[in-house]
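As given in TrEMBL:
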TRANSMEM  102-119  transmembrane segment
TRANSMEM  139-157  transmembrane segment
TRANSMEM  169-189  transmembrane segment
TRANSMEM  221-247  transmembrane segment
TRANSMEM  259-281  transmembrane segment
TRANSMEM  301-320  transmembrane segment
TRANSMEM  353-371  transmembrane segment
TRANSMEM  391-410  transmembrane segment
TRANSMEM  422-442  transmembrane segment
TRANSMEM  448-468  transmembrane segment
TRANSMEM  523-550  transmembrane segment
REGION    574-620  region 'Disordered'
COMPBIAS  587-606  compositional bias 'Polar residues'
COMPBIAS  607-620  compositional bias 'Low complexity'
């Protein structure tokens, strides 16, 4: 009770009151409603049935100032709700209500990342090893197919977010993914020889020349390319928009700091197991007899797993919404408003906070793509067989899961010890250091070839291993630090900016970064003649982009800290505005404690309280 109770010299109580003793061990209600009587000689009944404190005659005949302060302190202590003293049930020091959210979220992340690993390792094998295609198709896919579809999805998602409730929006987005991957494994791939225009593509290739192999391959194997794009969208839509958007809605910032890094622990166990799954099916294809399409058998099995995991994600989402308690946000946050597509883009472009977030995502996409595409070209040269390529990717995913698991264990210490800003700067720093090492090995591999031979390595194989290490450490830093930092940055935003901002950033900016890297590489190849000749310039571009990334992270750190302080201040003001109602006596308001500017004087009384009923003290 923040206000000090004051009195004009009397307290007016309801009719037929019963005086109670104030026991320090009880709450306010128990103190007032206690059955133990308290003799207050000096109380009398007025003509209207109310008691008035005319002159308190206690054992000492008066209240000393010390006793009055004691009464006020007891009243303040009793103002706290009785529920605050109740013991909240916990398991391992964590509230049960929190566990109802955290455990299902961890399982959801496990299933989503398990599917994503299988889809990511499968999509490259499908498009690269298909008849009439090659690795040249990947840059064209990312630039001219993946990016337009990502933009189209963002526009559609923005429209749906304005008309659908949150739960319906989640199911509307994820169910088509599940249905497509199931249909691809059991319908589209078995019918690929009939639905792919092979003859027409060959005719065009003969007319246009081999330089159009990549663009024509998109038309030639259109169903495989569609699988490639859907697999890419699974990572940006289901992981970033659906999962992290849902997690941001049901968790607080304090819970996010504690548990967001740990979400990846279960997810990276999924990476380990899914990597072993891809490895198993890759080896299985080698032991099948001639004439058997082992890839079709493996694809059906893996797509069945993807569908099963997708249905599990839907069930976990339903369970959390039904049984878990959702946090209350600040009442001063903006209400969700309906905005058109162009209005949404203008709104997001006008926000410095969203622009810095977009810079982080685009910079990561360009940086990782500059290194990863070059590494995959070396990987294709080292492992031309689809079985060997897929088997190596399975080992790569397993190693990524193990390293990321260790990074997840360290991430919570980093967040607690050094805060959001330091954690956000680790990923670009790691990518810069490992990227420089990879490009240096490519540029200076010839002079160190004799030394590599002593270790049983060729410059090509050494570049493959160093590139794999670069990708492993970069992805582990992304999963354990970059993604939690990015998602924590959304929490203080209002609901409208959060929903539409995530759609614009995660769905558009993520493929924009990848496509931007591909465009840079295409420009370099056309300008300098080959990817190898443009390697020094790619290293310089990587340095510039990472420096811009670090600058955006510092800017976002200051804004995030300011928003956190503002949000905490608003919540504190809301809590301060909710006070225990103090019974106030006005003429005609019965049953309330009287307040006044003058302290209670038990010896003199008040001029307003002098009445004929002062002669007969009564024990009420």
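One is the number of the first residue shown, and numbering goes on along the chain from there.
Heads up, the Cβ atoms here are built off N, Cα and C, so glycines get one too.
For the transmembrane segment (139-157), the residues of the chain that approach it from at least six positions outside its boundaries are 127, 173, 214-215, 217-218, 225, 228-229, 232-233, 236-237, 241, 341, 369, 373, 503-504, 507-508, 510-512, 514-515, 518-519, 521-522, judged by C-beta separation under 8 angstroms. Fewer than three CB pairs closer than 8 A are found between the transmembrane segment (102-119) and the transmembrane segment (448-468), and contact between the two stretches is not assigned (pairs 6 or more residues apart). Proximity of distant same-chain residues to the transmembrane segment (169-189), defined by a Cβ-Cβ separation under 8 Å and at least 6 residues beyond the stretch ends, is recorded for 119, 157, 160-161, 195, 223, 227, 230, 233-234, 237-238, 241-242, 246, 296, 299-300, 302-304, 306-307, 310-311, 313-314, 317. Same-chain residues lying 6 or more positions outside the transmembrane segment (448-468) and placing a CB less than 8 Å from one of its CB atoms are 371-372, 374-375, 378-379, 381-382, 396, 399, 437-438, 441-442.
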